[in-house]
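Reviewing the structure listed below.
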Amino acid sequence: MMQNVHLAPETDDDDLYSGYNDYNPIYDTEELENDTGFQQAVRTSHGRRPPITAKIPSTAVTRPIATGYGSKTSLTSSMGRPMTGAIQDGVTRPMTAVRAAGFTKASLRGSAFDPLGQSRGPAPPLETKNEDSPEEKIRQLEKKVNELVEESCIANSCGDLKLALEKAKDAGRKERVLVRQREQVTTPENINLDLTYSVLFNLASQYSANEMYAEALNTYQVIVKNKMFSNAGRLKVNMGNIYLKQRNYSKAIKFYRMALDQIPSVHKEMRIKIMQNIGVTFIKTGQYSDAINSFEHIMSMAPNLKAGFNLILSYFAIGDREKMKKAFQKLIAVPLEIDEDDKYISPSDDPHTNLVIEAIKNDHLRQMERERKAMAEKYIMTAAKLIAPVIETSFAVGYDWCVEVVKASQYVELANDLEINKAITYLRQKDFNQAVDTLKMFEKKDSRVKSAAATNLSFLYYLENDFAQASSYADLAVNSDRYNPSALTNKGNTVFANGDYEKAAEFYKEALRNDSSCTEALYNIGLTYKKLNRLDEALDCFLKLHAILRNSAQVLYQIANVYELMEDPNQAIEWLMQLISVVPTDSKALSKLGELYDSEGDKSQAFQYYYESYRCFPSNIEVIEWLGAYYIDTQFCEKAIQYFERASLIQPTQVKWQLMVASCFRRSGNYQKALDTYKDIHRKFPENVECLRFLVRLCTDIGLKEVQEYATKLKRLEKMKEIREQRIKSGRDGSGGSRGKREGSAGSDSGQNSSASSKGERLSAKLRALPGTNEPYESSSNKEIDASYVDPLGPQIERPKTAAKKRIDEDDFADEELGDDLLPE
């Protein structure tokens, strides 16, 4: 049992209480009296306090200080130290602080320790404003006026001009009340002139925006005549702008010049703009020499694109060829002040640099640079097209000069656009061969220009119905630029013309994927779906197109036509009503409405639209026939006569119209007129059996002697008709037997001759039986497909423009094409 008990060894190696007698000599208070440094510090900084008065008992008593070692040593207090500044042992005691944090006399009197002063309670409330004081009322009214001016400006920027004017008027009324109140309280020198100026200026601007020019001018006059407003003279520019809108050009120039005189020369940009306004006003008045002086001064001081273009216009107006050339060179030399495109290409693979370039590639500054460049290209292209035909002996030479000048400038890429525009000018002059030759020159150029030229060539050949060449150049355009929507549209057109509608739809879809705003491709894919009888998809395409082209007559017609094919006449009528609101004089649209109402059984509405169609285009045979039949059904045969007479004038070889005229005379009881009409028909068409029958009947009823003559002719014609039918029948039988008896006999020869003659008679009979062979108003082939071309006028040469606009089916809609434009303006 004792074997598990272990006794601690009796050694001093591990003393549990060792170290407690060790202490730091710094805390040895017994040696402080002998420490000279400590004693000197006590005498100089702490041992000299001012004497304690008898009223306040001293707290500086001798205290025992307990140490950590259990010893207690009494330290002498500083109760009897000399006063501050006293001299002791030849040393002057310095001034020292005797008040500690939170130690006050009140604390000596028994107060609690409160260094933050929390015992004083909460702070007193702020003094309330007296809202009835005049100064406060003026301040609030001034704030309200400023708010009204801001609201007026915001309403103007949002397009609500009436609300902006109301706010401006309200601000003006409140500002006048404010001025009167301020005059009563303070001196007139304290009136806020800036507020008055802003209120009047905003009111004048809103008057001008609402085209209330007289009120605007009066308000501007109030500002300009007030000498207390500094720099108010420059508002005469706004007054000049108003006079320019009123076409009072002399006063506009007068106010522009007055404003120019009052603007110091340091404001160079403002003076240039005013001089440009003066030049434009001179152009409107026809004073081109004065306008040239203004624009020449601007181009010498601070050249810009607008001034350069207007200078070219002025020289063009006076016909100075050499000056036009110099002005064109000045226009091209105007600096654009934009960064090169190389700036937006990353020179290295640094990810930080790439992120920065990606961020600035399409920011607002970059968009502004693109807009400025596009505007410069527009001015240069327009100026070149304007002066090219007049600066040289021929427009081709003039274009060549412009191309050479452009090539030597910073607008090198515009030279190709000018060449394409030269080809379009050839087209305007109907010189197709020269246009084709000019466009073929681009086949060896870079891909973008080659694609544009090939697109135009494809368009030209498509118009000439040369679909093979059109398809070839469409392929070239697509191969040069696969993302050219115009090229893909033209390729789809050539495939459509060959009847491969599914493949055509694929090309149109690809064109839409490349450019969702390509309206030509969207229209044509709708036509393709209609051909494929996919009416729901066709309707979706045309409805999307209607959302883009709200007032397109072609799109409205196609939507109505699809609804008609879907057997929804109510919707078709509704869309046709929208169509005639866009083209109220289109006869085909009106007749289609009449046809739909007629199919619905509404004869009165049908008559109204058929009559409107006839009034707009009185040569439509179908409309004339319906109107004549309508009057016959309603027992107004006399009114039907004029329509059938017009039909006989349009189709003089058709006997049925003249027979209808005679029938109307007979039904209305005018037998003599009917008889004369039938006789006239018989003279023109002596073999017409129906005319002879009516003649026999009329002569019998009237009792004329000619009845026997007409009866004899009628019998002869009927007998001839019977003999002809028998010969035709026997000829058919004989031809079958003669084919079996061809041994060279005379009988067989005669059978062959009889067969040949009977065949000739059958052919002539068929020709005579064909109705409308000699009709002069046969419908032409339907051309529904849209072709597209490339307009080189803008910065994007490939952007499709409608060249041959979408044409409505001639049999269904328009006799007259709705403004087809082959070439861009």
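Residue positions begin at 1 at the first shown residue.
Glycine residues also receive a Cβ, built from the backbone N, Cα and C atoms like all the rest.
As the structure is a computational prediction, the values presented were derived from the model and not from experiment.
Annotated in TrEMBL:
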- 110-136: region 'Disordered' (REGION)
- 233-266: repeat 'TPR' (REPEAT)
- 272-305: repeat 'TPR' (REPEAT)
- 485-518: repeat 'TPR' (REPEAT)
- 519-552: repeat 'TPR' (REPEAT)
- 553-586: repeat 'TPR' (REPEAT)
- 587-620: repeat 'TPR' (REPEAT)
- 621-654: repeat 'TPR' (REPEAT)
- 725-825: region 'Disordered' (REGION)
- 745-758: compositional bias 'Low complexity' (COMPBIAS)
- 798-809: compositional bias 'Basic and acidic residues' (COMPBIAS)
- 810-825: compositional bias 'Acidic residues' (COMPBIAS)
State the residues, same chain only, that lie 6 or more residues beyond the ends of the repeat 'TPR' (272-305) and have a CB under 8 A from a CB inside it; answer 'none' if no residue qualifies.
237, 240-241, 244, 247, 249-250, 252-253, 256-257, 259-260, 263, 311, 313-315, 317-318, 330-331, 333-335, 375-376, 379
Kindly report the helix/strand/coil residue split of the repeat 'TPR' (621-654) according to DSSP, in that order.
27 helix, 0 strand, 7 coil
Three-state composition of the repeat 'TPR' (519-552), taking helix and strand from DSSP
27 helix, 0 strand, 7 coil
From the DSSP assignment alone, can you count helix, strand and coil residues within the repeat 'TPR' (553-586)?
27 helix, 0 strand, 7 coil
